[in-house]
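Asks: The disulfide bond annotation in TrEMBL covers 47-54. Taken from TrEMBL, the feature domain 'Thyroglobulin type-1' applies to 13-74.
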């Protein structure tokens, strides 16, 4: 029983993955689509491709920290 519960929760999407999927399904051309790392966290540098604007976020929450152009600025 415990094994089944662990398996079920092992496939849960992270907040970043959920938000990414929602953004992709919205078909909002040029809209912001969050980028997630291999662990499902937000990548430190997020960019809105159509606008050419990038910004740093908290990897756990995706919350805006500051504008940036490179990931090094987010360290």
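A Cβ is built for glycine as well, from the same backbone N, Cα and C atoms used for every other residue.
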Asks: What are the DSSP helix/strand/coil residue counts across the domain 'Thyroglobulin type-1' (13-74)?
Replies: 16 helix, 16 strand, 30 coil
Asks: Tell me which residues of the chain lie with their Cβ under 8 angstroms from that of residue 54 (disulfide bond), as long as they are six or more apart in sequence?
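Replies: The answer is 45, 46, 47, 48, 67, 68, 69.
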Asks: Tell me the Cβ neighbour count for residue 47 (disulfide bond), meaning other Cβ atoms within 10 Å of its Cβ, over all protein chains shown.
Replies: 16
